[in-house]
Amino acid sequence: MEITFQKVEHRYQYKTPFERRALYDVDVSFPSGGYYAIIGHTGSGKSTMIQHLNGLLQPTNGTVQIGEHLISAGKKEKKLKPLRKKVGVVFQFPEHQLFEETVEKDICFGPTNFGVSVDEARQKARKAIELVGLEPELLTRSPFELSGGQMRRVAIAGVLAMEPEVLVLDEPTAGLDPKGQNELMEMFYKLHKEKGLTVILVTHNMEDAAQYAEQIVVMHKGTVFLQGSAEEVFSHADELEKIGVDLPMSLKYKRAIEEKFGISIPKATLSLEDLTHEVVQVLRKGGHESCSS
């Protein structure tokens, strides 16, 4: 299910003295089946942008085409329920939205709300909890008896139980320890590969953006600043830093090595393994030349 923004503008508190423009002139497409990252400094428009993906926000100007659904400025989309089934959104700290007395009831809430029978919802809950790497035995437990990481997985299972075609992740690993962050990101990538899910990840973690995303969209002051593969985007390191976007650690180490040893590493290395390989190659070629990047 392809998603396309055309000349999208969004203003909060439109036509009031408190009006504030959060998005403008946003032109971007997310073809079906891809893995995308949206990055940018705090306040760049990332969260506003993703709230247009399932009709939580409507553009002030422009259009958002989500599969067969067209959301236009000034026109109310009447069939948002089917859209919200197809586009699942995992907001920051989704565990704060848990409220039922058992894990099973919490996961079943979404499917039953969309008209699925109780028995079918239970089947979906069992599949979903296994997808997020939890034991089915937890279905009878209170979600509030679980660890923070388990609670987050339960909340994500509630989104997956609706079997969305698009999974939107807003800082999904915020507040987790490094091990929990890595496990969750690997889980999302596995779902993307095995289920063919389109994944749109909003993140401040540049390592995650570089490692997982096929395409990266850089937002700045409410519009698209850069778009391309990780290699293309992070080759603009100086420009990214000027707009407050962090760089992957491998690029920071690359700069430090170039400055320390007076060598030039031409390739934009996006992992420490790549960086090690490139340094070895340069040194083998006698690369002690003045640093040019």
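Including glycine, each Cβ sits where the backbone N, Cα and C put it.
Copied over from Swiss-Prot, here are the features:
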| type | residues | note |
| --- | --- | --- |
| BINDING | G40, H41, T42, G43, S44, G45, K46, S47 | ATP binding site |
| DOMAIN | 3-246 | domain 'ABC transporter' |
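The most densely surrounded of the binding-site residues T42, S44, S47 is S44 (count of other Cβ atoms within 10 A of its Cβ). Ranking the binding-site residues H41, K46 by how many other Cβ atoms lie within 10 angstroms of each Cβ puts H41 at the bottom. In this view, the densest Cβ surroundings among the binding-site residues G40, G43, G45 belong to G40, judged by other Cβ atoms lying within 10 Å.
For the recorded ATP site, residues G40, H41, T42, G43, S44, G45, K46, S47 set the reference point as the centre of their Cβ atoms, and the other residues of that chain within 8 Å of it by Cβ are M219, H220. The DSSP secondary structure for K46 (ATP binding site) is helix.
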